Amino acid sequence: MSKITSSTLLKYKQEGRKFTALTAYDASFAGAFDSEGVDVLLVGDSLGMVLQGHDDTLPVTTAEIAYHTRCVRRGIERALLIADMPFMSYATPEQAMINATELMQAGANMVKVEGGHWLLETVTKLTERGIPVCAHLGLTPQSVHVFGGFKVQGRDAENAQRILDEAKALEAAGAQLLVVECIPAPLATAITQALTIPVIGIGAGASTDGQILVMHDVLGISSGYIPRFSKNYLKQTGEIRSAVRAYIEEVAAGTFPSAEHTFS
């Protein structure tokens, strides 16, 4: 079984082959997702909400992400493993270097950071020192209080152009992947077509190169607010592994996300 790398995902993009990603936080679920063929696993700071019960992701620490990264690493053989850098863990390039090193040593293949132009120097410096970076634009949950809540981003022409420009700049700075969250589908299409690197969408339509969801949403075990862009695959299959396979199959076929999971 060949390991998934950033080069694998780039090849998938070039071939027009859609790929899947899920969040994971422990060895057991990660192992199940990995063995069923999920290409990318993210130890997300979403754990602050789905595991710890917080209202947002801000309380999560680098040490907590590192702990769960070690857990996930022990459970997988194939998938590319990305670790989120938590709120204020990369406020400066120097701080980012220290915390990203901890996550890479915990077993991550790549780290993910949220933000646009202000991050360019950090992305370049991490990349130059052997730490691959996944960027994240659109609805960036660590900025939820700046946005005034979990809201769709890039609906007006000015902000859409800003997000597109930031995507291009992050690629030029060295980012190897890009996540776009809760943006209109036409904007996600424009970004995906403009970039050479693979683009992963969540609430961004079906045109992106890959899709990512939070595992708790896929399995229908999230409490409280359920995002419009999510889908409960366990409800339609009744078994965890079957739910994961259904997710993979629908992404590959381009039937997920459908219009009901997409913003205009």
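Just so it is clear, glycine is given a Cβ too, placed from its N, Cα and C backbone atoms.
Quick look at what Swiss-Prot lists:
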ACT_SITE  GLU181  active site, proton acceptor
BINDING   ASP45, ASP84, GLU114  Mg(2+) binding site
BINDING   ASP45, SER46, ASP84, LYS112  3-methyl-2-oxobutanoate binding site
If you count the other CB atoms within 10 A of the CB of GLU114 (Mg(2+) binding site), including all protein chains displayed, you should get 23
Distance between the residue listed as 'active site, proton acceptor' and ASP84 (Mg(2+) binding site) at the Cα atoms, whole Å?
15
Under a three-state reading of DSSP, tell me whether SER46 (3-methyl-2-oxobutanoate binding site) is helix, strand or coil.
coil
Using Cα coordinates, what distance in whole Å links ASP45 (Mg(2+) binding site) and LYS112 (3-methyl-2-oxobutanoate binding site)?
10
Whole-number Å only: compute the distance from the Cα of SER46 (3-methyl-2-oxobutanoate binding site) to the Cα of ASP84 (Mg(2+) binding site).
9
Taking the center of the Cβ atoms of ASP45, SER46, ASP84, LYS112 at the recorded 3-methyl-2-oxobutanoate site, which other residues in this chain have a Cβ no more than 8 Å from that point?
THR23, LEU42, VAL43, GLY44, LEU47, THR57, VAL60, ILE65, ALA83, MET85, PRO86, PRO141
ASP84 (Mg(2+) binding site), Cβ-centred 10 Å count of other Cβ atoms over all protein chains shown, is 30
How many other Cβ atoms are found within 10 Å of the Cβ atom of the residue listed as 'active site, proton acceptor', counting all protein chains shown?
23
Count of other CB atoms lying within 10 Å of the CB belonging to LYS112 (3-methyl-2-oxobutanoate binding site):
23
